[in-house]
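Colleague: The structure's right below; bear with me while I get my questions together.
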Amino acid sequence: MASLCFIKILEAFVACIILISLIGYVGQPALLWCIVAYAVPLPLTLLTIITNILTKLKNCLPFSIDRFTMLLLLISVLLYISAAILWPTYSFRGNPRPKDCPGNSCIWSIQFVVTFMTYVNLGLYVADLVLTCLGICGFKRSQ
């Protein structure tokens, strides 16, 4: 339970890094889809964190929060897979790193940070989905 909550907090943190990097970004329609793909899972993740923290709220829900969480994770994984394919394809195609690209003020560097963090968050969401599925199926870690 604690490790799943930690993963969810990491997912939200990485999503915030991605979205902060994209402030003011204007691009092609495929890249705008990626921004939507980054933005949609964040409130879903925060909702899951809140319901896991407030266990009394969890008991009042008319549905299984575990299955709902799994559905949200599946949607998040699919959105991040689409972003992991589209973002680097449209950001870096015909766009090599400029020679005069200083650290954090170059658009290419920002696009690289978004690409890297996309893959980090995709890995976190996949790990979270696998652990949630294992928890629903009754698999427990042996100690």
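Easy rule for this one: first residue shown is 1, then count along the chain.
Note that Cβ sites are derived from N, Cα and C of the backbone, with glycine treated the same way.
According to TrEMBL:
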type	residues	note
DOMAIN	1-137	domain 'MARVEL'
TRANSMEM	5-24	transmembrane segment
TRANSMEM	30-50	transmembrane segment
TRANSMEM	71-90	transmembrane segment
TRANSMEM	110-139	transmembrane segment
Colleague: Near the transmembrane segment (110-139), which same-chain residues lie under 8 Å Cβ to Cβ, leaving out any that are not at least 6 residues past its ends?
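Modeller: Here the qualifying positions are 3-4, 7-8, 10-11, 14-15, 17-18, 21-22, 34, 38, 41, 66-67, 69-70, 73-74, 76-77, 80-81, 83-84, 87-88, 91-92, 95, 97, 104.
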Colleague: Using DSSP, what is the helix/strand/coil residue split across the domain 'MARVEL' (1-137)?
Modeller: 108 helix, 0 strand, 29 coil
